[in-house]
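Asks: One structure, as C-alpha cells, below. Some questions next.
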Amino acid sequence: MTKDLLALLKERGLFVQANFEKELKQLLNQGSFAFYVGFDPTAPSLHIGNYVLLHVAQIFQAMGHIPHVLLGSGTALIGDPTGRMELRQMMSRETIAENTRNIKKQIRRFLGSNVVFCQNETWLKKLNYIEVIRELGPCFSVNKMLATDAFSARWERGLTLMELNYMVLQAYDFYYLNQKYGVQLQIGGSDQWANILAGADLIRRKTQKQVYGMTTNLLVKANGEKMGKSASGALWLDPQKTSPYDFYQYWINLDDASLQKVFLMLTKLDTKAIETLCNLKGAAIKEAKAKLAFELTDAIHGTKAALVAQAKSARIFAFQPDTETKTVRAGTRLVDVIVDLGLVVSRSEARRVIQQGGLTINQEKVTDVEMVLQASSQPLVIGKGKKRFVTVQVIANTK
C-alpha cells in the first residue's frame, strides 16, 4: 500500500503542522489539486534553505498535484519582517525584476514545465487603498497580528506600517490564487505559519470556503543553528555564487549530528539506506557524508557537476596529511603562513616559490605573492611542489 503524503512528509522530517490536518489528508487522497509555494525575490538566487520548499513541491508534484509558484515581485517591494530585528533595506524595481527572472529559471530546473508561475505585483499594484481598508481591513485583528512572533519581536524596536501590511498582502495573495486558480493549499516554512493562517482566514471570511495551510521544518543543524551559512555567505543554488565544488564540500564538512536529518529532508534515499549510512562510526562516517554531498550536488547542479566536484575533492584530499589541521586567522598573508608551517624557510623563498608557480591551494596554482587568506568553512590544502602538503582551516578574526 502506498504511504499517504502527509505520513511520508512526517517520516522525512518535512512536516510541522497543518490546519484541518484530517480533512487535508482526505483531500490529498482524492486526486489532483492546486497548491502554492512562494518566494520573495530579495536576492538574485535561491539558497539551500529555499530548497526545502522546492523539494516538498517536487514530492507533491510527483503525486499528481499541481504546483503554483508565487514570485513575490510585489511583496519584495515591502519586505517580510519575519525573523528580522531591523527594517529591510528598500530594493529597486529593476533589481527585483532581475532577481525574479533569475529565480524563475532556477525553479524551472527543479519543477519542469508542469508548474504555474505567478507574480503578485500584477494584482497587488491594481489594489485601491480605500478598497483595501474597507474590504480587507475588517478581516484582520491588529491585536492578533501584534501577538505573532514576526511582529512581537519588533514591537519594542519599532514597527512600520509598511511592515505591518506585509501579512495583509500575503494573505491577499492566497485569496487571489484561490479565486483565480482554485489553489486550496499554501505550503511555507514554519516561520510563516501566522501569515499562512491569515490567508486561510481571509478566504473563509470572504468566501466561506475552507482552505488549508501547511508548514515545513526549517533547515537547521542539531544545535539549532541555521544551516547553509558559511564564512563566505549563504549556500546559494546558483553555481556562479556557490560553485558545485564548494557546495559539495559544505556537506562533506557537515557535523555528524545533523547528517541523518539532512538525508531525510533533502534526499530521495529510502529510510533504511539512510539509517545504515548514519550508523557508520569513526572514520567510516566520511562515506556517509560523501554520499550526502554527491546526492545533494546531483540534485542541485546535475550529475556531471556532482561527479566533477567528487573527483576534485578526492584529488585534493588524497594529498591531505594525516597530521592535525592547522588553524590560521583570516587576514594572514599567505607568505607568512607557509613560512610558519615550514613549507619554506623564509619570506623571500615564499615569494620566489609563488612567482615560479610552485605553490597551490586545493590544487589551484597561486600567483599572487600578496595573497591574504580569507575565512572559509572548508579546509585548504596548501601544497609546495608535488610532495609537500599541509592542511589549514582559516577562521574569522574576532579581534
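Backbone N, Cα and C define each Cβ position, glycine as well.
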Asks: Can you check which of 21-25, 226-230, 241-245, 376-380 Swiss-Prot lists as motif ''KMSKS' region'?
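Replies: Within the set 21-25, 226-230, 241-245, 376-380, Swiss-Prot attaches motif ''KMSKS' region' to 226-230.
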Asks: State the residue range annotated as motif ''HIGH' region' by Swiss-Prot; the candidates are 41-50, 81-90, 361-370.
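Replies: Based on what Swiss-Prot states, motif ''HIGH' region' spans 41-50.
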Asks: Determine the mean pLDDT over the motif ''HIGH' region' (41-50), rounding to the nearest whole number.
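Replies: Summarising the motif ''HIGH' region' (41-50) by its mean pLDDT gives 95.
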Asks: Provide the number of Cβ atoms within 10 Å of the Cβ of Tyr166 (L-tyrosine binding site), excluding the reference atom itself.
Replies: 23
Asks: Can you tell which of the binding-site residues (Tyr36, Gln170) has the fewest other C-beta atoms within 10 angstroms of its C-beta?
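Replies: Minimum Cβ neighbour count within 10 Å, taken over the binding-site residues Tyr36, Gln170, occurs at Tyr36.
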